[in-house]
Amino acid sequence: MKLYFAPDTCSLSPHIVLQELGLPYDLVRVDNRTKRTSDGGDFLSINPKGYVAALVLDGGEILTEGPAILQYLADLEPSSGLAPPSGSLDRVRLQEWLNFITSEIHAGPSPLFDRTLPEFVQDALKARLSRRLAVIEAQLANRPYLMGARFTVADAYLFAVLGWMPVFSIALDRWPALPCYIERIRARPSVMRALAREREIAPVEE
Ligand SMILES: N[C@@H](CCC(=O)N[C@@H](CS)C(=O)NCC(=O)O)C(=O)O
């Protein structure tokens, strides 16, 4: 498999999951501004939507959209427990979290990356995001991971997007469970290996 990634983005989550599974993969860095790739290609020919992550399967099929990629990977190794079995109520609970993360923590607040956004819009987005973070705080108050005792793909995804909060000037210590959760996940060997591998790939030359 081949994962197209950009540093400090949501593509870290499938990367963590590849590491959790111990599967072999190639890593291709994408310059999100130029859409050029570290192997000299045009990322738009891989994902015409123009965003990471994209996962090229060994048979040539290309998967996009984080929650779909994450579940595909988890299902390659059901015994990993990275996702509950398809068709179970727990699987739907996982999908509930993946959808919450993708719409409320990832896409919803992402306009905050635009520093030219009027301040009143920034304030409204941050207020909404804070309400969503309070939901996560409540969930994590008495369990180590979103789904309970086990780390799942939802945690890999949430970890990746929580990394943006300092960029949005949101101090996570307002929600005491969140800094502990982040540190718990950052300490996983899979996470350390994924971050190290991403750092090994130089920026795409223009
Ligand atoms: N709906 C997509 C969104 C992916 C996404 O937002 N990717 C960002 C990085 S986190 C990106 O590559 N943005 C570049 C762009 O949109 O040009 C998903 O959930 O996978």
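Note: Cβ is positioned from N, Cα and C throughout, glycine not excepted.
Under the heading domain 'GST N-terminal', TrEMBL lists 1-81. Residue counts for the domain 'GST N-terminal' (1-81) under DSSP, helix first, then strand, then coil, are 27 helix, 18 strand, 36 coil.
Residues or ranges marked as domain 'GST C-terminal' in TrEMBL: 87-204. Secondary structure by DSSP for the domain 'GST C-terminal' (87-204): 80 helix, 2 strand, 36 coil.
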